[in-house]
Amino acid sequence: MGESFYTRTTEAPSSAFDLSLRPPAFSEFCGQEKIKDRLMLMVEAARQRDDVLDHILLSGPPGLGKTTLANIIANAVGCRIHTTSGPQIEKAGDLAGVLTNLEKGDILFIDEIHRLHPAIEEYLYPAMEDFRLDIIIDQGPNARSIQLNLPKFTLVGATTRAGMLTSPLRSRFGLVNRLDYYTREELCAIIERSAGLLNVPVDPEGALQIALRSRGTPRVANSLLRWVRDYAQVRGDGVITEQLAHDALTMIEIDDDGLDEMDKRLLEAMIYKFNGGPVGLSSLAVAVGEDASTLEDVHEPFLIMQGYISRTPRGRVAMPSAYLKMGAAPPANGQGWLL
């Protein structure tokens with residue numbers, strides 16, 4: 001296999017397929033119940049006051065529904081949503097162009113907000129607090145500041161790395177929520193809903209097979225469903241059963257535990273090349289031929305969650321379950337596990 005399925009799925013922007021399955025309302029959004037309750041309360045309170053929502057920060061791993069929730073909030077409020085991302089706002093003029101296009105009550109959604117340049121953040125602070133934009137015209141002794149009043153708006157920021165947000169920016173959000181991985185039952189419900197929208201019959205056991213390999217992530221679940229649907233159409237009778245789902249996912253080298261080829265290469269490198277660790281992330285990235293940030297964002301969270309590896313102050317360490325998974329004998333002294 002070439003590029004990891006999970007890398008393609010979690011790092012790629014939302015496709016037309018993803019958008020077609022996106023729930024439009026809180027009532028159709030499965031999972032994240034506590035966050036949904038908070039957001040629905042905020043929306044109702046703002047509606048009763050006839051005011052705009054406070055600024056909201058959504059953090060968590062990719063594919064858990066941050067963008068979907070931002071759109072649901074806009075639908076619930078009945079306002080427009082303007083979408084951009086941190087890397088797209090390269091200079092103050094880019095931010096000014098976005099902010100001056102807003103109308104009262106609009107939502108500005110900034111994905112990857114942790115990637116905003118610190119200089120851009122300085123312009124964002126008065127916009128968030130006082131709905132004011134201060135622009136510096138000219139340079140040197142001729143420099144002067146022009147103040148533009150902005151309509152009251154809501155900033156919804158999304159980040160996969162909340163720790164990279166500066167403290168001043170983080171403190172300006174009225175509500176900060178971290179999305180968690182989804183349970184097996186929640187993923188089954190999402191898969192069955194998506195299958196219904198796609199007019200694909202799926203057995204409960206077939207949905208479970210897909211859910212078990214979805215890494216707690218709806219975007220992965222829907223991408224796997226898309227592949228299994230195609231497999232069922234060509235190799236089966238169109239119905240997604242337990243056996244058919246198993247065969248379809250085995251074909252793309254995703255095993256019963258949800259590990260793909262890159263996951264196994266990562267574990268093999270830790271065990272056989274680095275004697276179980278501890279090993280640094282950059283060394284691992286070179287050993288498996290993958291970008292370090294991809295390993296950290298896409299593969300490590302699942303492997304840590306499943307108990308295959310652990311992070312220690314000295315580096316990554318392969319845990320006993322990793323040796324068992326790869327059919328290797330654990331070191332007798334259990335090196336690294338207690339570091």
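Each Cβ is built from the backbone N, Cα and C atoms, and glycine gets one as well.
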One of TYR182, TYR231 listed by Swiss-Prot as binding ATP at the site of LEU21, ARG22, GLY63, LYS66, THR67, THR68, GLU129, ASP130, PHE131, ARG172, ARG219: TYR182
Cα-Cα distance linking ARG316 (DNA binding site) and THR67 (ATP binding site), given in Å to the nearest integer: 31
ATP site span - longest C-alpha distance across LEU21, ARG22, GLY63, LYS66, THR67, THR68, GLU129, ASP130, PHE131, ARG172, TYR182, ARG219, in Å: 37
Tally of DSSP helical, extended and coil residues in the region 'Head domain (RuvB-H)' (256-339): 42 helix, 9 strand, 33 coil
Shortest C-alpha distance to ARG316 (DNA binding site) - which of the binding-site residues LEU21, GLY63, PHE131: GLY63
ARG311 (DNA binding site) and PHE131 (ATP binding site), distance between Cα atoms, whole Å: 42
Per-state residue totals over the region 'Small ATPAse domain (RuvB-S)' (183-253) - DSSP helix, strand, coil: 51 helix, 2 strand, 18 coil
Distance [Cα-Cα, Å, rounded] between LEU21 (ATP binding site) and ARG311 (DNA binding site): 35
